[in-house]
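Enquirer: Quick one: this structure, given as structure tokens, is what I'll be asking you about.
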């Protein structure tokens, strides 16, 4: 099922496979995605006036803020970029300016669209590559003009075509003309001058042209290179750019992480000048403006912005009022409980238990996680979070890594065995580190 036609309920069900809890946040992003489809059904000129409702997610680290946005973008197959607000500085200061967010998003969309187009023309490209390789293996007769005349395949050519498709010619060496890729010119510019760097790269790329050069290689390697070359010939670059820019403008998603770090705190001093400057620079992007990229002008009016932050030392009200108004939907994410940790370990589609079982399974070591072992792991992770820094579900990575440290190191010695992970095994491996606050701080 295409994500563009999924109902909010179906989107939430899909997110439930990877993220435990946080139903309010899931519902908010599901409605935002569905509203994109609804907007496309509205007639112009009203359609142009309907803007996405940007979302502000508030919650401690490790509760699923980033994962929700990442899974949503994957589900929607939309251009998506995650950036940290702290990476940017006010225009005029040393550092990256906020326009690079849209440039990076456009680059991603170009790559995504190119891959889609490559898949579309792949069959034609493979047929052309097959003919070129057969020309090298069984040269066709030449006509009066000197051009190859393939006509009907000769018996020898048909035989080689059959062998080629069966993979029996893969190790034969042939000499074939391959386009030499133009070396990428890397332009070094001071921070804040990314636009100039893009223009210079485009200028140098326009001066260079691909040159063909005869090269000896095996058929298998040659086939792969020729398919890429033939596919590139069949793609119209202008149409590709137009489609990629339209995809960014209509479906792009920007995830602004750590937005609380650029919120001005009332008790702090001079550093707030730059923080407020970044907020002011973000305003036109979020509200809707035009950004110049190497592929053309990109409008940001219908790009969805999802901001997130823990807001431990500041509050959403510490953001400048204009920026607060650009994020009308606010969702608070709850801290995770020990029971949530149990579900994260066992219920999600790509749970840590499945990941580690698959990794050690490659060495013929079978892991058998018992329910009491999973519960004990969750309790230990939750306990360490309460006594030290609360890093949410990320604590499970540390706990699992420590639990299986010895086993991972000596996996070959346990080849062919089944290791039972129950509460006793977990206590034997982790109880000392978990019970000592000093050890827990540094080890877990």
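Placement of Cβ uses the backbone N, Cα and C atoms for every residue, glycine included.
Dumping what Swiss-Prot says about this protein:
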- 20, 62, 63, 64, 65, 66, 67, 257, 322, 394: ATP binding site (BINDING)
- 137-162: region 'Disordered' (REGION)
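Context for these features, please: burial, neighbours, distances.
Expert: Close to residue 20 (ATP binding site) in the fold, though at least 6 residues off in sequence, lie 64, 336, 340, 343, 344, 347, 348, each with a CB less than 8 Å from its CB.
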Enquirer: Record lists 20, 62, 63, 64, 65, 66, 67, 257, 322, 394 as binding ATP; longest Cα-Cα distance in Å?
Expert: 34
Enquirer: Provide the number of Cβ atoms within 10 Å of the Cβ of residue 65 (ATP binding site), excluding the reference atom itself.
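Expert: I get 26 for this one.
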Enquirer: Specify the secondary structure state of residue 20 (ATP binding site) as given by DSSP, simplified to three classes.
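Expert: Coil, per DSSP.
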Enquirer: Return the residue, from the listed binding-site residues 67, 322, with the maximum count of other C-beta atoms within 10 angstroms of its C-beta.
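Expert: Going through 67, 322 one by one, the largest Cβ count within 10 Å is at 67.
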Enquirer: Just to confirm: which same-chain residues, 6+ apart in sequence, have a Cβ under 8 Å from the Cβ of residue 63 (ATP binding site)?
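Expert: Counting only residues 6 or more apart in sequence, the Cβ neighbours of residue 63 (ATP binding site) under 8 Å are 22, 333, 334, 335, 336, 392, 393.
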